[in-house]
Amino acid sequence: MQLHFLGTGAGMPSKERNTSALMVKLLEENGEMWLFDCGEATQHQILHTSLKPRKVTKIFITHLHGDHIFGLPGFLSSRSFQGGDEPLTIYGPAGLQQWVEQTFALSKTHLTYPLQFVEVHEGVIYEDDKFTVRASELRHVVPCFGYRIEQKDLPGELLMDKVQSYGVPKGPLLGQLKKGQDIALDNGTIIQAKDVVAPPKKGFTLAILGDTKYCEQAISLAEQADVVVHEATFDGSTTDLAASYGHATNVEAAKVASKAGAKYLLLNHLSARFLPHDLPIFLAQAQAIFPQTFLTSDQAVFYWNNNNLLF
Ligand SMILES: [Zn+2]
Ligand SMILES: [Zn+2]
């Protein structure tokens, strides 16, 4: 899994930070890419990368503020021009489907691929054999959701030395053991899968939170998560201001990660008021509460590898 940040700024784009978009690359896990939010010019940010829009199979929108959706019509139509014919599903709050469909109707835009909408509600909004995605409403000035992506545990490896010592022949029996099924050899010996398969490997948990003030819902979405992506529009000196605008500070984001028992915290949605020379202090304020905090920047890529986040 890789997290490729395409836009890490707050409401207004700046030269350094575009509006919100985060590509979650799951190429090793399921061959897909999932995009979280699609602020204006997200497709231009993608032009600087090797990311392929047709590989994006799901888009999760946190809320309907322009800095999170104004790039959507452009992204969706370019995906058509670039030969995308794979179906795409968009998850988001009520009203999103209407907005996209009206935009397409008025601009006479036609897509070459099936587009499906899922209106997000509290609870599990997607599940397959590899992932579960849950949504919960945060506390912003409009309905805004956070998403928790849980990878299901991966089946343990077949321990080949053990398999060989039991004399299991190569072929379909190995596959059955790998699936956790016990087998019988020709000589009548029963081999139990648990004796020759390593324990399952724990999947990762990722919490991607939309705009929000400090809230319990953020903590519960981030509970024991490996990586939490939390907004930090304000800093510790402007906590009251942050809450009145429905936003959080770097310090509050760190409190969320700490209370949730998360492993890593990535701060995004940074206001353009913070200039590059402000950022070391901005980061230090959060790290004082949650040491494993990192700042995101446009085009920063974080890699999930053996239960560690590398960049
Ligand atoms: Zn925003
Ligand atoms: Zn917002």
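All positions are counted from 1 along the displayed chain.
Glycine is no exception: its Cβ is also placed from the backbone N, Cα and C atoms.
Predicted, not measured: the structure shown is a model, and the values here were computed from it.
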Q.
Of the candidates Asp186, Asp195, Asp211, Asp226, which one does TrEMBL list alongside His63, His65, His140 as binding Zn(2+) 1?
A. Asp211
Q. The Zn(2+) 2 site in TrEMBL includes Asp67, His68, Asp211. Which of His110, His121, His269 is also listed there?
A. His269
Q | binding-site residues near His269 (Zn(2+) 2 binding site), in sequence order, restricted to His63, His65, Asp211 and a 10 Å Cα cut-off | A | Asp211
Q | Greatest C-beta neighbour count within 10 angstroms, which of the binding-site residues His63, His65, His68, His269 | A | His269
Q | Cβ under 6 Å from ligand 1: qualifying recorded positions of His63, His65, Asp67, His140, Asp211 | A | His65, Asp67, Asp211
Q: List the Cα distance (Å, whole number) between His140 (Zn(2+) 1 binding site) and His68 (Zn(2+) 2 binding site).
A: 13
Q. Residues with Cβ closer than 8 Å to the Cβ of Asp67 (active site, proton acceptor), same chain and 6+ apart in sequence?
A. Gly9, Ala10, Gly11, Met12, Pro13, Thr19, Ser20, Gly39, Glu40
Q. Any idea what the Cα distance is from Asp211 (Zn(2+) 1 binding site) over to His68 (Zn(2+) 2 binding site), rounded to a whole Å?
A. 10
Q.
For a quick check of packing: other C-beta atoms within 10 Å of the C-beta of Asp211 (Zn(2+) 1 binding site), how many?
A. 27
